[in-house]
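Q: To start, I am sharing the structure in question, which I have written as structure tokens.
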Amino acid sequence: MLFVSLTPEVTIAGALLSAFYPLLNLFSGFLIPQRQIPKWWTWLYYLMPTSWTLNCLLTSQFGDINDEVMVFGEAKTVASLLKNYFGFHHDRLHITAILLISYSLIFATLYAFFLSRLNFERR
């Protein structure tokens with residue numbers, strides 16, 4: 001909705017979003033974990049709300065499971081897999097929740113601000 005409030009037409013917003021969605025997916029930390037993203041691109045990982053959503057979702061659901069699973073040919077617990085492979089820590093769950101709430105408030109505020117300030121009507 002933020003892109004719709006920034007552009008005069010929905011089709012332009014759709015075109016902008018088609019360029020933005022691959023960035024959201026690529027830097028979410030699922031396709032390429034944060035530890036494997038090049039150092040000069042990690043700032044984008046921390047900026048993307050999808051990375052924090054994935055972090056919060058996986059950590060809250062699987063971060064306290066100590067059952068062993070076979071991963072990459074070795075036995076690991078689910079919690080250590082999340083910690084070592086993805087970099088998700090169960091003790092930082094409250095930080096991710098605060099960030100997700102902050103993202104929602106920031107995007108809603110920006111949407112309302114741009115909707116009230118930008119006027120694309122022609123007279």
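Cβ atoms are placed via backbone N, Cα and C, with glycine included.
These came from TrEMBL, pasted as-is:
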DOMAIN    1-62  domain 'ABC-2 type transporter transmembrane'
TRANSMEM  12-32  transmembrane segment
TRANSMEM  44-63  transmembrane segment
TRANSMEM  93-114  transmembrane segment
Q: So which residues does the transmembrane segment (44-63) touch in its own chain, when a touch means Cβ under 8 Å and the partner is 6 or more beyond its ends?
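A: Long-range Cβ neighbours of the transmembrane segment (44-63): 23-25, 27-30, 34, 37, 78-79, 82, 86, 88-90, 92-93, 96-97, 99-100, 103.
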Q: Please indicate, using numbers and ranges, the residues of the same chain that are 6 or more beyond the transmembrane segment (12-32) and have a C-beta under 8 Å from a C-beta there.
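A: That would be 3-4, 6, 41, 44-45, 47-51, 53-55, 86-87.
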